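Novice: So that we are looking at the same thing, I have put the structure below in structure tokens.
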Amino acid sequence: MSDTPVIGVLALQGDVREHLIALASADALARPVRRPEELAEVDGLVVPGGESTTISKLAALFGLLEPLRERIGAGMPVYGTCAGMILLADKILDPRSGQETLGGIDMIVRRNAFGRQNESFEAAVEVAGIDGGPVEGVFIRAPWVESVGAGTQVIAEHGGHIVAVRQQNALATSFHPELTGDHRIHAYFTEMVRAVG
Ligand code: GLN
């Protein structure tokens, strides 16, 4: 890998464009990934926010479910935001029928956890490993992490709930840094990808 890693954004549904822009600002070569051949060419992958059930059904339809599981299992760096966090969970507390995850992070995630009263909100979130003060957390029908396994590091909490985690090469946030113009988390992920190469 050169100094500029190639980072894909799983482009089946969700806020793909915003992640491509954020990654480019964080000095990565960003590309949409829709097919197994495209997945094979990236050094790391972002799984965007959107609707986790839709993304998992489309991944199955596009023949991407197994290739994604294989690459994540083999240590490809991966970063999931919101629906992407749900997809990276080894277990979902309240899956919709037929909902599958890719897995990769030893955690249990609760979908739409902040409830109807609090569907969308913003909050300053301090994230371990991100210098320069808290990030602006944009939460949109966001999940939270109910519990993590021994190998999973909690890197941010909000209101007593886990909203960001890291397990080796996998990163996940309940919130959407791609919507804020602050690209520190994308830069952090780009650094994770560079470190593997
Ligand atoms: N609630 C959505 C889901 O369950 C996630 C929302 C989001 O990604 N902004 O997939």
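Glycine too: its Cβ is placed from the backbone N, Cα and C atoms.
Straight out of TrEMBL:
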type	residues	note
ACT_SITE	C82	active site, nucleophile
ACT_SITE	H176	active site, charge relay system
ACT_SITE	E178	active site, charge relay system
BINDING	G50, E51, S52, R111, I140, R141	L-glutamine binding site
Novice: Can you list which of these recorded positions (C82, R111, I140, E178) have a Cβ closer than 6 Å to ligand 1?
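Specialist: So the answer is C82, R111, I140.
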Novice: Work through the recorded positions one by one (E51, E178) and point out the residue whose CB has the fewest other CB atoms within 10 angstroms.
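Specialist: It is E51 that, of the recorded positions E51, E178, has the fewest other Cβ atoms within 10 Å.
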Novice: Please report the DSSP secondary structure of E178 (active site, charge relay system), reduced to three states.
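Specialist: In the DSSP reduction, E178 (active site, charge relay system) maps to helix.
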Novice: Where does I140 (L-glutamine binding site) sit in the DSSP three-state scheme?
Specialist: strand
Novice: Hey, what's the widest CA-to-CA gap across G50, E51, S52, R111, I140, R141, the L-glutamine contacts in the record, in Å?
Specialist: 13
Novice: Given the active-site residues C82, H176, E178, tell me which ones have a C-alpha lying within 10 Å of the C-alpha of R141 (L-glutamine binding site).
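Specialist: Close active-site residues: C82.
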Novice: Roughly how many Å separate the Cα of H176 (active site, charge relay system) from that of G50 (L-glutamine binding site), to the nearest whole number?
Specialist: 10
Novice: Within the chain of S52 (L-glutamine binding site), which residues six or more apart in sequence place their C-beta under 8 angstroms from its C-beta?
Specialist: A83, G84, I86, L87, Q99, T101, R111
Novice: Return the residues near G50 (L-glutamine binding site) by Cβ distance under 8 Å, restricted to its own chain and a separation of at least 6 in sequence.
Specialist: Q13, G14, D15, C82, A83
Novice: Tell me, if you would, which residue among R111, R141, H176 (recorded positions) has the fewest other CB atoms within 10 Å in the structure shown?
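Specialist: So among R111, R141, H176, the recorded positions given, the one with the fewest Cβ atoms within 10 Å is R141.
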Novice: Neighbours of the L-glutamine site G50, E51, S52, R111, I140, R141: Cβ within 8 Å of the Cβ centroid, same chain, sequence order.
Specialist: G49, C82, A83, I86, N112, A142, P143
Novice: Neighbour count first, Cβ atoms within 10 Å, every protein chain included; then name which of C82, I140 tops the list of recorded positions.
Specialist: C82
Novice: Under a three-state reduction of DSSP output, how is S52 (L-glutamine binding site) classified: helix, strand, or coil?
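Specialist: DSSP call for S52 (L-glutamine binding site): helix.
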Novice: From the Cα of E178 (active site, charge relay system) across to the Cα of I140 (L-glutamine binding site), what is the distance in angstrom?
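Specialist: Cα-Cα distance, I140 (L-glutamine binding site) to E178 (active site, charge relay system): 13 Å.
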